[in-house]
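*Asks:* Below is the structure I would like to discuss, written out as structure tokens.
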Amino acid sequence: MRWLGSGTVYLQMQKVSVLLFLAWVCLLFYAGIALFTSGFLLTRLELTNHSSCQEPPGPGSLPWGHRGQPGACWMAAQFSRVVLVLIDALRFDFAQPQRSHGSGEPPASLPFLGKLGSLQRILETEPHRARLYRAQVDPPTTTMQRLKALTTGSLPTFVDAGSNFASHAIVEDNLIKQLNSAGRRIVFMGDDTWKALFPGAFSQAFFFPSFNTRDLHTVDNGILEHLYPTMDSGEWDVLIAHFLGVDHCGHRHGPHHPEMAKKLSQMDQVIQGLVERLENDTLLVVAGDHGMTVSGDHGGDSELEVSAALFLYSPTALFPSTPPEEPEVIPQISLVPTLALLLGLPIPFGNIGEVIAELFSGGKDSQPLSSALAQASALHINAQQVSRFLHTYSAATQDFHVEELRRLQNLFSKASADYQWLLKNPQGAEETLKAVTAELQQFLRGARAVCIEFWARFSLVRMAGGAALLAAACFLCMLASQWATSPAFPFYSLLLMPVAWGVTGAVVCAGLLATTGLKLDAVVLAAVAAVGSLLPFLWKAWAGWGPRRPLTSLLPIPRPILLLLLIRLAAFFSDSFVVAEAKATPFLLGSLILLLVVQLHWEGQMLPPKLLTIPRLGSSAPTGLPRHSGTYALRLGVGLLLCTRLAGLFHRCPEETPACHSSPWLNPLASMVGGRAKNLWYGACVGALVALLAAVRLWLRHYGNLKSPEPPVLFVRWGLPLMALGTAAYWALASGAEEAPPRLRALVAGASAVLPRAVVGLAAAGLVLLLWRPVTVLVKAGASAPRTRTVLTPFSGPPTSQADLDYVVPQIYRHMQEEFRGRLERTRSEGPLTVAAYQLGSVYSAAMVTALTLLAFPLLLLHTERISLVFLLLFLQSFLLLHLLAAGIPVPRPGPFTVPWQAVSAWALMATQTFYSTGHQPVFPAIHWHAAFVGFPEGHGSSTWLPALLVGANTFASHLLFAVGCPLLLLWPFLCESQGPKRRQHPPGHEAEAKVRPEEEEEEEPLMEMRLREAPHHFNAALLQLGLKYLFVLGVQILACVLAASILRRHLMVWKVFAPKFIFEALGFIVSSVGLLLGIALVMRVDGAVSSWFRQLVLSQQR
């Protein structure tokens, strides 16, 4: 295209090229994140070896007391049948017996206490037949991981938590496989997670969907329908019933709700019914897979989450003594080897649990010596199995240190030798027997501790490579953001060359891997391609770096902003600051707001809301220009601080701060007991919804965009109220569903599914209309409208190129304004006449605000009702921040346009603050699982991607909204140009026309956002620069998380704090980068539509 200037050749950056460049930068970050993740979150090696009766775990004869018995397999069976009742999320204190209170001590009033009274009664009346344990659970405390541990006796790794809703069949040796190999009949009923873990393993099964946490009764009632008839039929050897009501009640209401008391009472009746039906050869096991927090969630490693109940009962005497006053604490995986030996099965090959020794004592009538020998025999078999596993595993991988293995082997050898001596000399060896038992237990516990420590395998090479790639991508963003506004910016070479180098690197790497016979790794190939694509840029940066150029030019960020950014990044290296980030972020945001206000006053940059052709923020300005009053920025700052403080009231406390109390406003209205309070809150939520809708409509009306007859504007007039009505109706149904009459519950359930889908459908329709016709202007000109002015190109004649069209657009806009102003003056004496102007001055911002509103409604539906107040604060806070930033950002003419680092940093901080204000925390127990059932109250069947999408949209709603709205930082200063007049400036070469037409030396209306079209090359460069700056701010955050996780990989809190923080930050970056691309693409779509609209207007004028 031709460029207006002194013969300078300029290559205009096209819109698609800007998007492709930003997409390439995003892919660099994705490759770095993937490479680091593949080295940081590695799973342990799963062995496929299996134990069998024909292969004893070690040398030596069968245990003492079982030699020569027919059918003995490692140890003779004590039970032929077992009933395993798994009550999901049965926390230990739910089953803990209640002691009698003293005369002055009031009884506890928690709803869940004392509801499992049958356990306490059995423990008191039959102490030799029952035992209650506090089972210590290994994190992560998600159901699929606990089921793997309860059947294999091994430990799940951290990354396995991501498979909780996409479970895969267990390939390791496990109890279910051993039972099938022994020909036992297994009947299962309950959670359908077992179906994916053990496909085809059950002789009879009754599966029920498990993911619908809002449904408290379907699974439990389905189990009860089949439980007792199956027991009475006798056609089973192992009966497994997995109840979900307690877990779902915790997710929906929390443990302190009256519904929890009802659920536990129901489970108590189930246990009583089972005890009455047990035969003497049957063992009853009642267990919880994990606990729950005070809010009813789980997934982490807090004390309440890792503390589960384990109850064992036999109709015959099983224990030699009465239960201790305080239940014993045992690892949960100890149940696996215990059940295997009690049922006469081999212990699963990969088990690292320790048998519960007292179950092998022979009952209350056995002799102390024979009882102790039987316990030592069980421990020795267990130790042999664990020793065999450690030997096999260490031969297959290098996870364990040689010194640790040698120490454990020496301990086991000594204990085994002492045990063999005991078998030959059993009489009078009580002290030796105690020592052997202690040595075997020491070995088993030491082996488990070693596995826990070393099963966090790290690939330091991949971790370092991922961190280096992320750092290089940040470096690219920082330098390219400085070069983007330069006319000599080598855009195409920097875009095309990386693609060629990246493809070449990937092909070479794939060829080398194929030649050497190594497995092709997609992550490694992507990383090599990313590094190859970076090489041309790094070479150009190095070649263009002058020897005298100061290093400080690498950091264009102002020092105060750089200091705040460094403070935020340094906080990621402290677990205490990561935990307290919900409080630290509003503090940093408030500090930045105060800094902006002070800087505006100090540097004299309080600009009027009109176009000023002065240098950028921070430079000198003419003294004669009018300014805002000193209180303008102060009012904006105070309003921002107030909104930040109000949003902080909606906070969720981390589990590491027990003294903190989460805001009760985060709970759904359905959890409230009082009807009057619920109605008041419902009115407040609907009021916030109406206020948000009214604010958007008033804003559009203020700038005249609501007068347009275009389809998107009509949708804003009628579609948005329908969306608000549907949202309010859904809240009403969701908050009162439990109180609905039985005959209306089917109707309520149907409406609860239809209304959210209708709102999402309307939002999608509105977005489609906006993309189709994004120009929201009103054309209302009479047929006899005079053509008093000829629009000229920089050359002569009508527009013949895109350059001509871009130049004449501002002239057309001024011409239309003058025409309508003249008509208004001519008809003023004849009476009032409504004249609609061409509202092109806010055409970009109107489309952005409309799109954000359409996105906000579906995202709001995924949250609880009272979060609507936070969304209202979000829009108000963004509005105030944009005005504060616009007050200090001049609009240079004709360009280049730029958004300062202050604005980008504040925008990113506000996104993080809103993440916490909507009740989120960067930990798995704080995930809002209820979002998966909005619009799908009956669940999703076998689908996993849709619930994951809904939960992800709920979690990262703030990231998405602020990323899509990021272009507003560029548009708002132009939008805030005053409606006051300004003297027209003629373009170069048109001074003669100015002399001929002196009447046109009148004052003109401000162009506002049409000013961007005076220099389209600067407009595209500004969008590119804005995207690169936002990606840089987000990129350095993920880089800091990566470095913190790498340096502190052996820290005590790495899996509790740093690893979840990295995962949430990485996912948030991906969502934000996609949202940023969508926002910039929308602005470019509007820009293209404006060009097309003006082109049609020019053609119509020529006719």
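Every residue, even glycine, has its Cβ placed from backbone N, Cα and C.
What you see is a predicted model, and the numbers here were worked out from it, not measured in a lab.
Copied straight from TrEMBL:
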type	residues	note
COMPBIAS	988-998	compositional bias 'Basic and acidic residues'
REGION	981-1003	region 'Disordered'
TRANSMEM	20-42	transmembrane segment
TRANSMEM	467-485	transmembrane segment
TRANSMEM	491-513	transmembrane segment
TRANSMEM	520-539	transmembrane segment
TRANSMEM	680-700	transmembrane segment
TRANSMEM	715-734	transmembrane segment
TRANSMEM	746-772	transmembrane segment
TRANSMEM	843-862	transmembrane segment
TRANSMEM	869-891	transmembrane segment
TRANSMEM	956-975	transmembrane segment
TRANSMEM	1030-1050	transmembrane segment
TRANSMEM	1062-1084	transmembrane segment
*Asks:* With a cut-off of 8 Å between Cβ atoms, can you find at least three pairs linking the transmembrane segment (1062-1084) to the transmembrane segment (715-734)? Only pairs 6 or more residues apart in sequence count.
*Replies:* no
*Asks:* Of the listed stretches (20-42, 467-485, 746-772, 956-975), which one yields the highest count of Cβ-Cβ distances below 8 Å with the transmembrane segment (520-539)?
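*Replies:* It is 20-42 that shares the most Cβ pairs under 8 Å with the transmembrane segment (520-539).
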*Asks:* Any chance the transmembrane segment (680-700) and the transmembrane segment (467-485) are in contact, meaning at least three CB pairs closer than 8 A with a sequence separation of 6+?
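*Replies:* When sequence-distant Cβ pairs are counted, the transmembrane segment (467-485) does not touch the transmembrane segment (680-700), since fewer than 3 lie under 8 Å.
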*Asks:* Going along the chain, which residues at least six beyond the ends of the transmembrane segment (20-42) come within the CB cut-off of under 8 Å?
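*Replies:* Here the qualifying positions are 157-159, 457-463, 465-470, 472-473, 476-477, 480, 491, 494-495, 498-499, 521, 523-524, 526-527, 529-530, 533-534, 1024, 1027-1028, 1031, 1035, 1038, 1042, 1045-1046, 1049, 1059, 1062, 1066, 1069-1070, 1073-1074, 1076-1077, 1080.
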